[in-house]
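Just below is one structure, and these are the notes that go with it.
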């Protein structure tokens, strides 16, 4: 870091060190290479602008910067066809007299006439000249110059800058063009053109990202997605020969609007004689003198076969989240074409999973998904819980000048539709899963270990370490509607001298029919579970059972009575005291302890103190479905909701199922690890 007090002095010294006109007069001389080293070929390199130097210089940022500042490529001025051109900013370089004398002294003792070294140098020079003489080099340079000048208060008189995501769209388009038009010189041209974009420190591996066959952009509303696509396509057609571009929109009027905008742009800035238009099929053909024509085809997703049989090098899919799903196969088919790239661009509508499918690409092996929003993942929870927050607090937010975001806009839009501010205006691409992700309390590594590391409860070692008491929780449901809640049961055994527990049994039981025998059916299911566990685990001597009585206290007592009669093991029940009579009934009223039980369960999972048994018992879950996987599905759905009184509530109900089995396992684990509850014999009174 340069101290601010010394900055002016250093700038003055730098200014004095630069000889007047020195940089303008300096140029590369190809016929006098500098032979700096006599090392073996493996330890040296031929630099086209210097000579033979040690290979370690390939990592020298100073050398790279100096060579690029005097590269003849950047001295060539290609005039733009339209608008006002932009100069490529090049960092000036200078060699002081002292440095020049030191360099000559280092090279003075080395023979400059080494034939082998001269051959290596000549080869490097020829390679450099070939890349500059590449037939598509000037064509691609013209495209960049024209696009830069078009965006310099020509396309929009109020602006000469673009947003970062718009620049990235240009990069994906331009660098893919390099890879298909000059594949052999692609890496060299990558290095040359990255100076145009200011990507001085970007390595070659990062640049390979732009050669991907597909990329996805999720960008908030009104941020200039279609605007920049129109500019790119217009300059592609008029600057690059033999390029075939496709544009697909989700609605016909959008495709027609883009089609008309591109036509007007070309007619305004380029000769009309070069343009050939077929409005009936949305095609534009542009032909420059002595060049092959380039074409554009605009289509909609409603005619899913409209782009079949076409050849596109670049296919832009606008508002891709809203494309009809039966049109996707014809679009994705272009990924099989070697020289084709699909660019999906869409706003975010995460209120509906069907119009948020592009966000699923966040798990792709390649870095395909680019999301623009105003909230980072670390602060999404703060954003959701605090009503006054409208942007991420962790960094200085960049908001385009044409975008207004404040608390009043948030309140107004959310009055129209709850969550509209987050999903539509803020561009929160993860909002479809925000409720799940924000409240996600169990880590994926913990679930993987819970699933894979199962305890062999049948081994003598495990049996010696397990307590002989089985804890069973029954959450009864008196309905035969399989779409609604069923009876959940969870059985847990604790380990001796440890906080560890093992889940040994789960049930999710639905009544076959609504009769007066529902209590008998539920009790029979619980008795069958205890019998199976007693058979597999002979060390279990008794069962401590808690039967939830929130739905029906009479039925809960009936279940306890029937289970007491049918259980193969001695059974003790958790009792609830009647405040009026003082009588204790064999049932449990679930209340505020549920949150504490969930917290204990979540902590046990994340700390790996809760496991499942290899021989886990379930008589009701399908044989084709692993009971542990069935339980993990419900664990993943656990959500923590803050309440107005400062407390929290836990729930795992989701659209695809209920949380009955999970609640039973959570409560069984809670009773197995807590010393606050006393289990007593059936119907024992105070």
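Cβ atoms are placed via backbone N, Cα and C, with glycine included.
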Pick from 211-218, 219-226, 227-234: which range has motif 'Walker A motif' per Swiss-Prot?
-> 219-226
Tell me which range among 308-313, 314-319, 320-325 Swiss-Prot lists as motif 'Walker B motif'.
-> 314-319
Mean pLDDT over the motif 'Walker A motif' (219-226): what is the value?
-> 84
Near the motif 'Walker B motif' (314-319) in space but 6 or more residues beyond its ends, with Cβ under 8 Å, are 173, 176-177, 225-226, 229, 233, 236, 243-251, 254, 258, 307, 331, 334, 340-347
Neighbouring active-site residues, C-alpha within 10 angstroms of residue 660 (active site, for nuclease activity) - of 319, 475, 548 | 475
With DSSP as the reference, give the number of residues of the motif 'Walker B motif' (314-319) in helix, strand and coil.
-> 0 helix, 5 strand, 1 coil
Largest tally of Cβ atoms lying within 10 Å of a Cβ, found at which of the active-site residues 319, 475, 548 | 475
For residue 475 (active site, for nuclease activity) and residue 319 (active site, for ATPase activity), determine the Cα separation and express it in whole Å.
-> 47
Rounded Cα-Cα span from residue 319 (active site, for ATPase activity) to residue 548 (active site, for nuclease activity), Å | 50
